[in-house]
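Record features, source TrEMBL:
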BINDING   Gly287, Val288, Thr289, Gly290, Ser291, Gly292, Lys293, Thr294  ATP binding site
DOMAIN    267-463  domain 'FtsK'
Amino acid sequence: MPIQNHAFPWGIYIGDLIDNNDNMPLCLDSKQGGFCVLFDDESEVTANTFIENVALKLFEVLPMGDMLVDIFDFSHKKRFMHLSSLQSQKLYNIAFNQNNATTKFNKIEEIALERHHNTLSFETPTISEYNQKSKFKEQYHLLLINLDSFPDETTSKKRIKNFFDSAYEAGFYTIAFGSQDILESEVNATQVILNQFVHLSIKNNTFKFTKELIEFADIIKKYDFEYVNDNKDKIIQSLLAQLEKEENNSGEKDFLSIPIGTSKNGREIINFTMGDKSTNLHAFITGVTGSGKTTLLNNIITGIAQKYSSQEIQLYLMDYKDGVEFQVFKNHPNCKKIFLDNEDLSASISLLEEFRDTMKTRAKFFKEQGVSNITAYNKLNTQKPMPRIILIIDEVHKLFVGDYNYVDKFSSILKPLMRQGRSYGVHIILSTQSLAGTQIDRELMGQITLRISYKLTDPSDSESIFTYGNIEALNLEKYELIYNNNAGNKKDNVLCRVNSPVDINSVLEDVLFMREEALILKPVIVQSEEDREEDVINIKEEKLEVHYESKYSTSLEDENLKKLEAMGIKV
Ligand SMILES: Nc1ncnc2c1ncn2[C@@H]1O[C@H](COP(=O)(O)OP(=O)(O)OP(=O)(O)O)[C@@H](O)[C@H]1O
Ligand SMILES: [Mg+2]
């Protein structure tokens with residue numbers, strides 16, 4: 001049975017000593033703060049399996065959510081396949097290049113400093129003791145460090161040493177690893193870590209125990225040793241099931257919940273949520289240029305691929321930033337359509353109309369089955385549920401400036417979509433630098449309860465996205481945002497430090513590899529003829545299967561042209 005007292009285990013279980021018929025568990029004293037695994041060429045796979053299992057065992061004994069893994073590893077091949085499935089829950093975060101590693105080190109160092117200065121005290125000198133006594137719980141961090149992949153150039157030896165000297169008390173446990181040759185390395189960070197922690201060598205797939213590592217090493221040499229090597233699939237499945245159960249226990253459900261960052265002190269994870277529980281149906285994101293809006297959208301879109309199948313959530317993406325940003329999602333398994341044409345507003349109208357028309361089809365299905373909304377429909381059709389569909393528009397101001405006829409048209413399509421979104425499972429996320437100069441409708445804003453803003457410089461911008469007097473967005477720092485799920489009401493501002501960008505391609509690759517073929521959508525890409533020609537060449541090279549659709553491909557074309565002409569718009 002897992003211990004539910006939030007203490008960090010005193011011993012790190014590494015395997016069993018075999019004595020005739022008896023198995024005796026062997027643990028390392030966790031107060032040592034960590035250890036280094038050094039392997040020869042033959043033993044790398046054993047070392048990886050061993051480390052992954054030690055980590056999974058720690059997840060098993062701690063209450064879910066109490067620990068996360070921070071991994072520094074620049075190798076091209078994924079080392080810990082099973083652990084990485086905790087990535088969608090943000091319980092596994094990888095730094096896979098020098099930049100990431102520097103950012104990650106800065107972040108964990110800051111958390112450690114914060115904990116030393118503000119959280120730990122004479123009565124609770126370690127996070128483990130704090131977590132047993134305090135109402136709030138601090139997350140443990142398991143650091144898995146490839147000794148070849150730690151920030152070095154920009155981080156001084158002294159800083160790294162200071163961090164590791166006090167990391168255990170602050171809730172960090174380290175397992176560093178590398179081949180034997182790394183002992184010769186002159187890299188500062190590697191030296192510091194090798195000096196800091198005891199070594200466990202694996203040679204010819206055999207574990208070598210020293211007195212430094214385990215006090216009674218001489219005695220255990222007499223026994224056979226079996227390193228911890230449980231069924232990783234089973235452990236992961238049970239961990240994921242536990243997480244799902246926790247999410248579902250809360251009665252009303254959100255159909256979408258993606259971790260986007262943490263509270264300022266790093267204590268709580270902040271999720272981007274939509275659904276009945278949070279009562280968010282649509283969202284609006286603002287922030288000055290370069291503040292991180294597209295990155296946030298990308299993290300959410302990628303998170304959707306990881307966490308939800310196309311039977312649960314389907315996406316329509318529209319991108320007005322030179323039509324390039326959302327290209328990366330051309331093999332996203334939940335994407336129905338990606339619109340990359342930033343010039344042709346009448347084509348945008350077609351797409352919005354098509355999106356709106358899904359409501360009509362849905363209405364027909366509801367009528368046939370005598371239900372009034374998607375929740376009721378899905379209860380009756382558990383085998384073939386209706387997915388939620390989300391339209392995401394980056395740089396939406398392009399649709400809200402300029403020609404009044406267009407602006408009016410967009411508003412008139414978006415308004416009913418938003419009003420009836422709850423019943424039909426149709427949701428919209430809009431993003432733009434500022435609302436200044438746009439003719440965005442008050443009624444439209446009224447439908448959007450989830451409002452998010454990165455830094456703004458003009459108080460009136462902050463008041464347009466939130467409410468009058470709510471200008472806290474002016475004080476935000478880099479990569480911080482205000483998450484407000486009460487229509488901008490100042491008392492509901494939540495400050496969030498946003499997660500760094502995810503590696504979209506590698507995440508999507510993993511997801512596609514694991515996903516059942518029938519659940520993989522092939523998005524239709526709508527773009528201008530020129531871009532399209534260029535892209536076809538690239539795509540041929542990448543051997544990707546992408547379906548194209550001309551922006552005027554269907555009979556909608558004629559219909560729309562007529563409508564526009566009737567509105568007095570020359571086409
Ligand atoms: N949370 C974050 N952590 C680290 N880097 C980030 C984070 N968010 C964004 N960045 C980086 O900041 C830069 C700008 O981000 P992004 O393009 O998302 O901004 P934007 O608000 O969409 O800008 P624009 O309005 O010009 O489109 C990018 O290089 C991105 O990688
Ligand atoms: Mg952007």
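Glycine too: its Cβ is placed from the backbone N, Cα and C atoms.
Taking every protein chain shown into account, Gly287, Gly290, Gly292 are the binding-site residues, and of these the Cβ with the most other Cβ atoms within 10 Å belongs to Gly287.
The most crowded of the binding-site residues listed here (Thr289, Ser291, Thr294) is Ser291, judged by how many other CB atoms sit within 10 Å of its own CB.
The binding-site residues Val288, Lys293 differ in how many other CB atoms lie within 10 Å of their CB, and the one with the most is Lys293. Mean predicted confidence for the domain 'FtsK' (267-463): the pLDDT average there is 88.
In the vicinity of ligand 2, defined as a Cβ distance under 6 Å, the following of the binding-site residues Gly287, Ser291, Thr294 are placed: Thr294. Apart from Gly287, Val288, Thr289, Gly290, Ser291, Gly292, Lys293, Thr294, the ATP site neighbourhood in this chain, defined by C-beta within 8 angstroms of the site C-beta centre, holds Gln433, Tyr454, Lys455.
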